[in-house]
Amino acid sequence: MAEKIVMKNGQLQVSDRPIIPFIEGDGVGHDIWKNAQAIFDKAVEVAYEGKRHIEWQELLAGKKAYDKTGEWLPKETLEAIRESLVAIKGPLETPVGGGIRSLNVALRQELDLYACVRPVRYFDGVASPLKEPEKTNITIFRENTEDIYAGIEWEAGTADVKRVIEFLQTEMNVNKIRFPESSSIGIKPISIEGSKRLIRSAIDYALKNNLKKVTLVHKGNIQKFTEGGFRKWGYEVAQEDYKEELLAGRLEINDIIADNFLQQILLNPEKFDVVALTNLNGDYASDALAAQVGGIGISPGANINYQTGHAIFEATHGTAPDIADQDKANPCSVLLSGCMLLDYIGWTEAAQLITSAIEKTFKADIFTADLAFGKQAYSTSAFSNQILSIM
């Protein structure tokens with residue numbers, strides 16, 4: 001009988017027939033999901049000789065949800081993910097204007113998915129702008145709920161922003177706003193709790209995966225108390241909770257200014273194993289790193305709360321409406337995110353089957369259009385069928 005995944009004593013409890021919700025996604029979501037689901041199902045069947053099976057449960061979000069329910073993110077969808085703990089999703093459209101914030105950000109904040117985890121690695125055969133892309137093998141831990149993504153801001157010229165500026169000037173003696181009459185104002189919250197839980201998760205991940213170096217990426221040279229606090233609290237976590245690992249040489253923790261980090265990932269990417277970043281810096285760095293190994297079409301991602309067990313694994317690219325329903329999209333982002341999901345629930349054998357099949361497909365010079373670069377471009381279904389045949 002199919003059962004929901006639950007958290008007991010800090011550990012996920014996963015039956016042989018777990019219920020896992022999925023959100024198909026908008027745009028190319030339909031093309032990539034129908035192929036990805038077939039690959040997930042076969043990998044599980046082969047890896048466990050038919051003894052395990054995922055019971056997929058479709059949830060609505062994005063344009064598909066709006067067309068059917070009049071809501072972009074139905075409460076039922078949020079509640080189903082809360083109850084099931086683990087879910088996977090395709091790309092979601094967010095309408096421009098109308099006061100509706102990013103659906104992806106809404107999901108992360110509503111479920112307190114504080115860690116955005118993005119493993120970035122190179123696959124042989126994939127075109128890259130780097131001479132030695134194989135040196136790039138970095139896992140990003142991006143804080144997911146704070147920073148400017150909290151959405152606390154006021155528009156220039158409004159009564160609200162005038163009140164904020166007046167308060168800053170009269171009550172806080174702030175005199176550094178260059179053009180107070182025409183400025184928009186935003187607030188950047190960075191908390192001790194938010195920073196420490198993110199950095200603790202990054203360190204735990206490094207130790208679990210036998211990775212030694214954890215690097216704190218920040219702009220503490222300019223923003224002393226927010227970005228600088230992130231750096232300070234990261235070192236505190238290491239000293240308070242991981243002193244034994246530090247003394248034994250199993251863990252090294254260091255830090256780097258964000259702009260220097262963006263240089264070093266090009267010049268010396270092998271210097272980094274796991275990196276922890278604030279939200280905005282993590283946004284920049286994750287897409288920059290993805291470009292080094294072939295682009296976001298092959299970049300997986302997960303949004304995780306390691307304390308509650310809640311996790312959403314997702315395609316990291318957009319909806320690409322220009323190629324929707326044309327069987328052209330690259331399914332690898334959602335496939336590799338699915339591998340992260342399988343690893344997360346302990347089904348590593350199935351994840352390894354898919355990863356290995358993708359590696360062999362690339363080595364055989366079989367690519368979708370975004371990675372072909374003058375070579376023959378394969379359709380989504382043809383590319384996926386090649387993976388299925390290898391498994």
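Backbone N, Cα and C define each Cβ position, glycine as well.
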Annotated companion of Ser102, Asn104, Arg108, Arg118 at the D-threo-isocitrate site, Swiss-Prot, chosen from Arg82, Arg142: Arg142
Spatial separation of Arg142 (D-threo-isocitrate binding site) from Asp283 (Mg(2+) binding site) - C-alpha basis, Å: 7
Rounded Cα separation (Å) that holds between Arg142 (D-threo-isocitrate binding site) and Lys219 (site 'Critical for catalysis'): 14
Same chain, 6+ residues apart, C-beta under 8 Å of the C-beta of Arg108 (D-threo-isocitrate binding site), given in sequence order: Cys116, Asn144, Thr145, Asn303, Ile312
Number of other Cβ atoms within 10 Å of the Cβ of Asn104 (D-threo-isocitrate binding site) across all protein chains: 21
